[in-house]
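Beneath this line is the structure, given in structure tokens, with notes to follow.
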Amino acid sequence: MKKAIFLDRDGTLNIDHGYVHEIDQFQFIDGSIEALQQLKAMGYLLVLVTNQSGIARGYFSEDQFLQLTEWMDWSLADRGVDLDGIYYCPHHTEGKGEYCQDCDCRKPKPGMLLQAIKELNIDPNTSFMVGDKVEDMLAGKGAKIKNTVLVKTGKPITEDGKKQANYVLESIADLPKLIKGLKS
């Protein structure tokens, strides 16, 4: 089984400007790409798990999301970072049409993580879930991910978020150092 870093997107990898769906809105958080390079070098799979309710709400299309995701994936690949899995939830209970559903994939439910664990043969005991909200921490716990990491680069940190997180970091840039410290 493989070890993995499960990554939220908005507020964790990129600045959350609210419903980011255009390339010109997308800015990687300082140090995030370098952190991903280090995590890759440490032997971790990198798995994106992102809620995208903007699709359900009609703010942007699934095609627009997929185009931005392809651009992000290529931008990372150009810097030597390959994402091993990309999982997203386009649903919301207040969504429109086919996207209006109470699904198992929308965080805080663990559906996306459980699917990745199964498809990519991931060991939850050696893996980390990284995100900026309590929903990310709850999804990690629901999937039995041993380590949940809350980052301060997105939504304001809540007491609930702190309680659910094993670790709270300034940003994902600090994650490789944390992991190295845990191993020593």
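One is the number of the first residue shown, and numbering goes on along the chain from there.
Using N, Cα and C of the backbone, Cβ positions are placed for all residues, glycine too.
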According to Swiss-Prot, which candidate in Lys133, Lys141, Lys144 joins Asp8, Arg9, Asp10, Asp16, His17, Gly18, Tyr19, Thr50, Asn51, Gln52, Ser53, Arg106, Lys107 at the substrate site: Lys133
Pairwise Cα distance for Asn51 (substrate binding site)/Cys103 (Zn(2+) binding site) [Å, integer]: 11
Cβ-based neighbourhood (8 Å from the centroid) of the Mg(2+) site, residues Asp8, Asp10, Asp132 excluded: Arg9, Gly11, Thr12, Leu13, Asp16, Thr50, Gly131, Lys133, Asp136, Val151, Gly154, Lys155
Packing count at Asp132 (Mg(2+) binding site) (other Cβ atoms within 10 Å of its Cβ): 27
